[in-house]
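Participant: I have a structure here, written as structure tokens, and I will follow up with some questions on it.
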Amino acid sequence: MSKHIVGIIAEYNPFHNGHLYHIEKVEEMFPDSPIILVLGGNFTERGDISILDKWEKTTIAIKNGIDLVVELPFPFSCASADIFAKGSIDILNHLGVTDLVFGSESDDIEGIKRLVETQLFNKDFDSLVQVYLRMGYNYPTSLSKALEDITGDCFKLPNDILGISYVKAVLSNNYKITPHTIKRTNDYHSKELDKKSINSATSIREALLEGKDIKNSVPSITYNYLKNKKIPKLDDYFNLLKYKIISSNDLTIYNLVDSGISTKLKKEILNSYSFDELINKVKSKNATYAKISRMLIYILCDYTKEQASEFKDIKYIRLLGFSNKGRVYLNKIKKDIDIPIISKFTREKNKMLEYEYKITKIYSLVFNKDKSKSLIEAEYKMKPIREE
């Protein structure tokens, strides 16, 4: 067994040629090493829906070189970059990962480390962030400006920002995980498919919803899952959300929702007909599009401030699939892992697991009868996906 155990963190929404390139680069960097994936679940970091379910994404991952797939629970998978990173890195640390490899627009791991060290150890940093907040900038912009002022480094693109959160989670916990970057080449924000073979997940989702051909942008296994599939979209849940907002007596019980946001939501909901329309009416300098989108998912999914306070730590590892190499590695380390490894739900009482089951039931609501039933039953009956 290799002395390197490699971790990657992804949503695969959907798995595309850029993700395949990432895995191939990891295999070049760390030949014969097990690759462990922490996989985002039914709802995403930026408050969107996953167009493929966890089992479909796991099957694709295993067939494309991943050795062990574990699920990132909802409280971490649909959350800010720092919370998303904390949950993911904690899981990788529990699983004995030695090296983390992530995509980055800058491909500057030393610059990212400098920024993190500034955030963690520079006594002027927090006060400078407060200065920019008082000037009216939102928190992400204030953070970026303070870091640039102190270090001279400027990282504003999404994967660099997520990478900063990953490295912060590693360094702040003194985990023995070495971070590495791979240059990300496609435009994260682009909503248009390019003729080149590596396109962003955003552009691929947009193309699917518009009925465009994505065959050149994804591996054949992803294409086969998607070509005849009704693609779920966030707006499929909009009437459910509308009902929740109208019928709720107190929206401020939900995570992140304050009285100001609650008032705006109550005011705008009857005259809004999509998530995008509602978010654009409610967002502000201090409440970004992504933050409002996550709040709406929290309302939809009954995710309260009390639960967010309770679900701050990883309490279990949910195993979704493994290759033969992954199975060998898991058997080797299983006795040293100090939290439960769960392959399917049981009747044991675990509040976070119970809540994850609720998330699956909500996710299933927009699918047809057979698909909805299979998603719900899979939580109790489905064994981890195995390499054939």
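Here the Cβ of each residue, glycine as well, is placed from N, Cα and C on the backbone.
Found this in TrEMBL, in case it helps:
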| type | residues | note |
| --- | --- | --- |
| BINDING | 9-22, Gly103, Asn159, Arg184 | ATP binding site |
Participant: 10 Å Cβ neighbour count around Phe15 (ATP binding site)?
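Facilitator: Within a 10 Å radius of the Cβ of Phe15 (ATP binding site) lie 28 other Cβ atoms.
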Participant: If you draw a 10 Å sphere around the Cβ of Ile9 (ATP binding site), how many other Cβ atoms fall inside it, taking every protein chain shown into account?
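Facilitator: Total other Cβ atoms inside 10 Å, all chains included: 24.
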Participant: In the structure shown, with every protein chain counted, which of the binding-site residues Tyr12, Gly18, Asn159 has the densest set of Cβ atoms within 10 angstroms of its Cβ?
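Facilitator: Checking each of Tyr12, Gly18, Asn159, the winner is Tyr12.
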Participant: Relative to the Cβ of Tyr21 (ATP binding site), which residues of the same chain, six or more apart in sequence, are found under 8 Å away?
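Facilitator: Within the chain, Tyr21 (ATP binding site) has Cβ neighbours under 8 Å at Ile182, Ile198.
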